[in-house]
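Novice: What TrEMBL lists as domain 'Glycosyl transferase family 28 C-terminal' is 22-170.
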Amino acid sequence: MSDTGREKKNFKRKAEATMKKLFVTVGTTQFDTLIKAISSEKTLHALSELGFTHVTLQTGRGEIQPQDQPRDKTSPALTCYGLKNSILEDIQAADLVISHAGAGSILDALGCGKKVLVVVNEELMGNHQTELAEALARQGYLHFCGVSSLLTSLREMDYSNLVPFPSGEPQKFAEHLDHVLGFS
C-alpha cells in the first residue's frame, strides 16, 4: 500500500474514532414525547456540541417520523426505524444509549457495557418502570431523567462515575435485581 493510501486509511480510522453515536430506544412501546424531544432542534444542537455525529432512533410503535423534519446542517446524522428483530447491534455501536424505562431495553444496554440514560415516561400513572430506573441509578449503573429534563441531563450528566453492571448467569441477575429493588 502506498503512503497516500495508508494516510487516508489512518485519517478514516481517526475520524471514525471521534464520531460519537447515540442510540435511542423506546422498545416496542409508543413514546412519541421522547422521540420529539430527542429530534428537536435544541436537543440535536446540544448533541452536536457534545460531539455526537450520529443518532439512531428506534421509535417502536410511535407515530413520529423525525427524518421527515428539516435539519440544521450541523446536526448529527439521523437514522430512524420502528421495530426490528434485534437492537443489539445498534446498542453495541453506540457510545451512549438513551432508553425508555423498560427492563429489557435497560438490561440489554447495561449488559453491553454501555453508558445509559433512562428517560422515564412521565405520562404514565403508577409507572413501576420508574422504580427500576431509580433503583439502578442508586446503585450507580445509569442515570435517569424525565422528558422535561432531558436537555439539562444530556448537558450535565457525568457518565465517568457509572459502575459497570455485573454480568453473569440469569439466576444471579434475578437475585441481584431483587436486591436492587428491595425484594430480598
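Cβ from N, Cα, C; glycine included.
Bear in mind that TrEMBL entries carry predicted annotations, made automatically and left uncurated.
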Novice: Could you give me the DSSP helix, strand and coil counts for the domain 'Glycosyl transferase family 28 C-terminal' (22-170)?
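Specialist: The counts are 59 helix, 30 strand, 60 coil.
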Novice: Which value does the mean pLDDT take for the domain 'Glycosyl transferase family 28 C-terminal' (22-170) in this predicted structure?
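Specialist: Here the mean pLDDT over the domain 'Glycosyl transferase family 28 C-terminal' (22-170) amounts to 90.
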